[in-house]
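Over in Swiss-Prot, the protein carries these features:
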REPEAT    78-107  repeat 'ANK 1'
REPEAT    139-167  repeat 'ANK 3'
REPEAT    198-227  repeat 'ANK 5'
REPEAT    229-255  repeat 'ANK 6'
REPEAT    256-285  repeat 'ANK 7'
REPEAT    286-315  repeat 'ANK 8'
REPEAT    317-345  repeat 'ANK 9'
REPEAT    346-375  repeat 'ANK 10'
REPEAT    376-405  repeat 'ANK 11'
REPEAT    406-435  repeat 'ANK 12'
REPEAT    437-467  repeat 'ANK 13'
REPEAT    468-497  repeat 'ANK 14'
Amino acid sequence: MYDNLPPEIWTNIISYTNEFNLLFTNSNFFSLFNLINTKINIIEHVIKREHLSVQKYIDQLKKNCNEIVSKKFFNDLTLNECLFISCKRGRNDFVKYFVSKGANIRSRDNFAIKLACEHGHIEVVKYLIDNGVDIRSEKNYAVRIACNNGHIDIVKLLISKGANIRDYDNCAIKWASENGHIEIVKILVSQGYDSTSNFNEPVILAVKNGHLEVVKYLVSQSDRCRNNSAIISAAENGHIEIVKFLASRGSNIRIDDDYTIRIASGNGHLEVVKFLVSKGCNIRSEIDHAVQWASTNGHLEVVEYLVSQGADIKSEYDRSVRCASQNGHIEVVKYLVSQGANIRNINDYAVRYASENGHIEVVEYLVSQGANIRVDNDSPLLRACLKGHIKVVKFLVSSGADIRVNNYQPLLIAAGNGHLEILKYLVSQGVNVSIINVPLVGIACIDGYGYFEIVKYLVSIGADINLADDMAIRLASEYGHLDIVKYLVENGANVRAENDYAIKQAHRKGHQEVVNYLLSKGAILS
């Protein structure tokens, strides 16, 4: 029965009977308690749901020291914070109520009106202005944020009340332009933004985000708007209609050695590239950077178009195929090879960096086309081990890479960089770590990492922890790896090796727990 009554009637009954605890028998109110476990603030929820009568009764219950509403979840917001939430939500009746209870509309540098302007609540803005809020605080932030968010009626109101639209380096028109609010831009110009002043920054911001109408309007307002940064930004972001418009108004499409076509190519904007070519841009400027950038970023259609227009894919020692390989763009790599690119230029750069970056498909393709995987002392394998690319490692080894190169350097690299899976694979290919004179355990202890799992694995398969004058415990101690130090000692490491190097370095680096442990095991700190 209780739930059939609207909250307003129910609260009036409670007021008449003066029995406030009955309020909690109505589910419209009582359901608020279900929010406690979700960490939603009760008062914020009341404001959000516009239950002003409930808010008033909560306050009445607080006044009467009611046990339930004295709990923390009813009391963790200040009056000013309640005001801010109301302004953000546009609950003008709540705003008035909290102000009547003592909330300060000018607190936190007039934060209330900033929230109302940001979220477009004009009635709240009007009320706050009528009650003395400072609309010009923080360099007229209120009008700036209203411009930024496109709230035109609020912008008009604030201007009519004296807001300075040119404050903060003309930020209002910049933000409006950046976000494409053409009508606000027009108002700002009509209200005092000097049409002979520098329009370039608002134009560039509008260009960047593709707001053609704003660009057209601003350019029409100033003969000084000739900054060629605008057309570069349009080309960079692929806004073809803006590129065409700016070109028609005299912007230099060939600025900075045809940078426009280079950046458009690099970002994959084919239609922009075609337009710029039709207007005379040189696709081969800066030693064919256009096709190189397109290849680097994997834009196959742009690469194909540029090649059809005469771009040289072999410029700068086949940089196009090298960069495409390095970044894993297999289709671009295949196309460039089909057009005569040399994959082996600069000491097989392509396969070395494809391996380093883990691009297995590219590596497999390059090898199928004759790339030398043994180049530079098995550099592809070493790079793959360094970065932890197990698939590439397996492929290279299966294709003839030498896991014993440079005194087992692949194993050292894997151990020293924490790549346990690669280390296990390399060992499985016929390496007996118990007989090789390589300090694998010591390498795993180096630097700030300390790869305990690798240390345990190596010891479990017979690696010598005492190699290189007990390098393992010396480094583990120096870098503060207490768990590794204990494990090594338990497995026979000499804590006094190299004239007590371990404890001296642990002490010097401030690893007191390691020092204490080593002392307990017989080390001497002199």
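Every residue gets a Cβ built from N, Cα and C, even glycine.
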>> Six or more residues beyond either end and a Cβ under 8 Å away: which residues meet both conditions relative to the repeat 'ANK 7' (256-285)?
In response: 231-232, 234-240, 243-244, 247, 291, 293-294, 296-299, 301-302, 305-306, 309-312, 315
>> Are there residues at least six beyond either end of the repeat 'ANK 1' (78-107) with Cβ under 8 Å to its Cβ atoms? List them, or say none.
In response: 43-44, 47-48, 50, 52, 55-56, 59, 113, 115-116, 118-121, 123-124, 127-128, 131-134, 137
> In the same chain, who gets a Cβ under 8 Å from the repeat 'ANK 9' (317-345) while lying at least 6 residues past its ends?
Replying inline: 288, 291-292, 295-300, 303-304, 307, 351, 353-354, 356-359, 361-362, 365-366, 369-372
> Hey, which bits of the same chain come close to the repeat 'ANK 14' (468-497), Cβ under 8 Å, at least six residues off its ends?
Replying inline: 439, 441-442, 444-448, 450, 452, 455-456, 459, 503, 505-506, 509, 511, 513-514, 517-518, 521-524
> Other than its close neighbours in sequence, what residues sit by the repeat 'ANK 12' (406-435), given a CB gap under 8 Å and a spacing of at least six beyond its ends?
Replying inline: 377-378, 381-382, 385-386, 388, 390, 393-394, 397, 441, 443-444, 446-447, 449, 451, 453-454, 457-458, 461-464
> Where else in the chain does the repeat 'ANK 5' (198-227) make close Cβ contacts, counting only residues six or more beyond its ends and a cut-off under 8 Å?
Replying inline: 170, 173-174, 176-182, 185-186, 189, 233-234, 237, 239, 241-242, 245-246, 249-251
